[in-house]
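Chemist: Encoded as structure tokens, here's the structure I'll be asking about.
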Amino acid sequence: MGGDRPLSTRSTTVPDTNTTFTATVLGAPRIGPNRELKRAVEAYWGGRIDAAELHRVAADLRTAQLTSMHAAGLDSVPVGTFSYYDHVLDTAVLLGALPERVQGIEDELDRYFAAARGTDTVAPLEMTKWFDTNYHYLVPEIAAGTQFSLHPDKPLAELREAQALGIPARPVVVGPITFLKLAKAIDGADLLDRLEDLLPLYEQLLTLFAEARADWVQMDEPSLVTDLSAAELAAIDTVYRRLATSSSRPKILVATYFGRLGEALEPLARTGVDAVAVDLVAGGTADLPVARTLTETLIVAGVVDGHNVWRTDPDAALAALAELSDGGASVAVSSSCSLLHVPYSLEAETDLEPRLASWLAFGAEKVAEIVTLATAVQQGPAAVADRLEIARTALRDRRADPRLRVEPIRTRLTALEAADTRRAPADQRRELQRARLGLPQLPTTTIGSYPQTGRIRLARAALRRGEIDGAEYDARMRAEIAEVVALQEDIGLDVLVHGEPERNDMVQYFAEQLDGFAATSNGWVQSYGTRCVRPPIIYGDVARPAAMTVEWISYAQSLTGKPVKGMLTGPVTILAWSFVRDDQPESDTARQIALAIRDETIDLEAAGTAIIQVDEPALRELLPLRRADQPDYLAWAVAAFRLATSGVADTTQVHTHLCYSEFGEIIGAIAELDADVTSVEAARSHMEVLDDLNAAGFDLGVGPGVYDIHSPRVPAAEEITESLSRALKAVPAQRLWVNPDCGLKTRGTDEVVASLRNMVTAATALRQA
Ligand code: GLN
Ligand code: ZN
């Protein structure tokens, strides 16, 4: 790939309209303000509506959204960010990169959903985290034999649809570098080598957009904010210089987000693309000094946080915008990333305390903020003086709210000493706990939740509608707990759980009981496909007014002579799955949550609980995208977990659970969590995880999942015996625990019972051997 084309060649066939824009967003939510798309897609899957009806719902949603963004004053509106499931999958379709196993499926939509979710005979694409967000994308699979081909119907149709509405539409596609970096090479090849195959398709696409009279195209390249190799940096030059000089094209905006561009910014701008979007929220002001000197490139300044729900500080934003303009750069105002990651609008939040609501901005409110800021840049702040003043007042009000600084909490945290986050050496604890618990070798247990039955969901709905009162609800939950405890005794498990029937969600359940958190009624955000979550908002100092789980666990313990594990969600996970306050470092908020969890562990212990599990499935997901930022994060994340779990006696056994097995950069941190027992996924990765842990010097208890709970399949006892035997080659019997991969809440009762019986049979057989 040659980087030998001349600098900044502007081809004459670039539309010579001097169209530019001043206010935009990088993308928008798509699931529907009331999750209409979720319902329609699920109805289509269930055969309750046909494809035509699904397309109609989707078109209505797009129309409403495009119209409202335009009416609010955006003068360039992203289109094509709509998706029936996932935009990375859409890109794979666009580039003809669906895996071979779905190619035989005749119907286009069914083929698409087969790639997304699988069918009886076809495995779906893998799903993984979209950078450091809680959105999950489908991982395209690219084999040596994958022949790319362009299928531009969707982006072109959505472009025409928007144009027909009179919208200044800017088609959005995932750029080639990010697409290849996110894809998985089936045969381990370096996918960067496939750029040469993709570029002609992108050139064709640009031509088609130009012919369709798009003034601008947005190419999303969030991968450019990660650490790039020299080859990747060189690829920026090759790719965008070539696209910038292609013979017929709209103006090109390369959109980057989720962090600072750093060393990639200048090379990217020098390729001759017309605009670069920089994330001035996640990236801070790091890119400002270079960006302000790029006078040939429109800087699309992401000053409004697309990944959090707080109202923008207009003065900070205007200062950043002024710094850019003063350097000579042309500037447009934008969201820092797509608004996919925030709810639609505050208007639906009728139950939110008005004071708190005045501090917030969801999707629609962010659009209004962007328009205000853009107007201030274009016409001077006086033109929007009243709107700026409203924002300033809200901000002052937020800062003055006493719930943001609760002195007793802060005093307690400052008074903590190193000893408060340290327990006795692990082998001493092991002996003490062995003596107290008297468990057999290879103890069997589960990760916490049992199937969330229809009965549980009905009770929850009845409580919400006021058909039953709290006492009746509690009684029904107790009945569930009693059933699950009896079931576990019957199966013969060694360490029992209460089954978590009372928890709708492992974060929301705690958020509802902690001070400093607020819940929304309609603040849904797409997590993947049709799955949405409603993250709580952490707005103030976190405190625990009362015990949260003790009654349930004590009740379960009262029903059995076997130990019942207390179940808590860890501070990092609660933080990761909430909207976090932006007025103090995340590490400070994590410490406050940790203190609340610590108090809960102490109460559980006082109530007689001998084993407490603190789940941290999100430990890896908050890992910063840049290696340079990772050690600091891991230090505070580990410290928060240890603060949460070091308040108990050495005789109390602390467990943790992590929802994955590829630890990568965090393997050292897992050992430092210093949990007595760590359960992880392993069934799908064949116990390799144990070698990884050993290599990192991990010598605590470990429960590598012996079967995959993500599938309804019941594993045979022999299979489990075999994986345990393999585990025993890596880990001595004194340290090995026997458990499934993850919680059982999404599974059916029959398969759970059958699988657990086989698991206990396998463990018993091995013990005797
Ligand atoms: N204790 C939780 C459960 O079993 C853990 C879930 C998780 O790790 N995501 O459901
Ligand atoms: Zn899990």
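Note that the numbers count up from 1, one per residue, in the order the chain is shown.
Backbone N, Cα and C define each Cβ position, glycine as well.
Note that TrEMBL annotation is computational and uncurated.
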Chemist: Return the residue out of E389, E500, E502, E672 that TrEMBL annotates for the same L-methionine site as I447, G448, S449, D615.
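Modeler: According to TrEMBL, the candidate sharing the L-methionine site with I447, G448, S449, D615 is E500.
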Chemist: Express the distance between the Cα positions of S449 (L-methionine binding site) and E681 (Zn(2+) binding site) as a whole number of Å.
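Modeler: Here the two Cα atoms are 15 Å apart.
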Chemist: Counting other Cβ atoms within 10 Å, pick out the least crowded of the recorded positions R35, H710.
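Modeler: Output over recorded positions R35, H710: least Cβ neighbours within 10 Å is H710.
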Chemist: Within 10 Å of G448 (L-methionine binding site) (Cα-Cα), which of the recorded positions L37, E621, E681, H710?
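Modeler: Near G448 (L-methionine binding site) by Cα: none of them.
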Chemist: Report the binding-site residues (R35, L37, D615, C659) that meet this criterion: Cβ distance to the nearest atom of ligand 2 under 6 Å. Use sequence order and write none if nothing qualifies.
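Modeler: With ligand 2 as the reference and 6 Å as the Cβ limit, the list reads C659.
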Chemist: Suppose the L-methionine site is I447, G448, S449, E500, D615. Which further residues of the same chain have a Cβ inside 8 angstroms of that site's Cβ centroid?
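Modeler: Other same-chain residues near the L-methionine site: T446, V497, M506, M567, Q613, H657, G743, L744, K745.
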Chemist: I'm checking region-level scores; what's the whole-number mean pLDDT for the domain 'Cobalamin-independent methionine synthase MetE N-terminal' (23-325)?
Modeler: 97
Chemist: Hey, does DSSP put D615 (L-methionine binding site) in a helix, a strand, or just coil?
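Modeler: Once the DSSP labels are grouped into three classes, D615 (L-methionine binding site) ends up as strand.
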Chemist: To the nearest Å, how far is the Cα of C532 (5-methyltetrahydropteroyltri-L-glutamate binding site) from the Cα of E681 (Zn(2+) binding site)?
Modeler: 24
Chemist: What is the Cβ neighbour count of D615 (L-methionine binding site) at a 10 Å cut-off, with all protein chains included?
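Modeler: A count of 25.
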Chemist: Just the recorded positions from K129, I447, C532, E681, H710 whose C-beta lies under 6 Å from any atom of ligand 1, please, or none if there are none.
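Modeler: I447, by Cβ distance under 6 Å.
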